[in-house]
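J.: Structure incoming, see below.
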Amino acid sequence: MYGKKVKLRFIFLALILASVILTVFLVLQSLKENVVYFQSPSEIKSLIELNKKKIRVGGMVKEQSIFIDSDKVNFVITDFKNEINIVYTGAVPNLFAEGKGVVAEGFLKDKNYFTATKILAKHDENYMPPEVKEALGDK
């Protein structure tokens, strides 16, 4: 009924469409995994049910809340309404400090305690790496 050229054209278009759909799917999956979405301590406190999935908690490191004990770091993240205690094992980023923004990735023990597996320190829009600042200062 249809000629050989029409069948080949249909197969070619079907393969292109399948490739485009697969590419879009893979890009969206990649973006979903890399988007840095986090919940504030207030959002954590308002949770009805705690799940066992890995989540991110973000806010400011409360002043005078950092306690370093050998390989563990304990600190408090606040959104100035509520607070959550964080326990992290490992080295913290260079930008990690009291009064600075931070995102902790890990698991909730309960609505007040969080075990972090990764710490991401945030910086403001004026941040400049020391090497760049030094290079610009010389000129």
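All residue numbers here begin at 1 and follow the chain in the order shown.
Backbone N, Cα and C atoms are what each Cβ position is placed from, and that goes for glycine too.
The shown structure was predicted, so the numbers you read here are calculated from the model rather than taken from an experiment.
If you look up Swiss-Prot, you'll see 1-9 marked as topological domain 'Cytoplasmic'. What Swiss-Prot records for 10-30 is transmembrane segment. Summarising the annotation, Swiss-Prot assigns topological domain 'Periplasmic' to 31-139 and lists sequence analysis as the type of evidence. Sequence annotations record features per position, and here Swiss-Prot assigns heme binding site to HIS123, TYR127 based on sequence analysis.
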J.: Quickly jot the same-chain residues contacting the transmembrane segment (10-30) by Cβ under 8 Å, restricted to those at least six beyond its ends, or write none.
T.: 2
J.: Averaged over the whole of the topological domain 'Periplasmic' (31-139), what is the pLDDT?
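T.: Overall, the topological domain 'Periplasmic' (31-139) comes to a mean pLDDT of 83.
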J.: Let's see if you can do this one: DSSP helix, strand and coil counts over the topological domain 'Periplasmic' (31-139), in that order.
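T.: Its residues fall into 18 helix, 42 strand, 49 coil.
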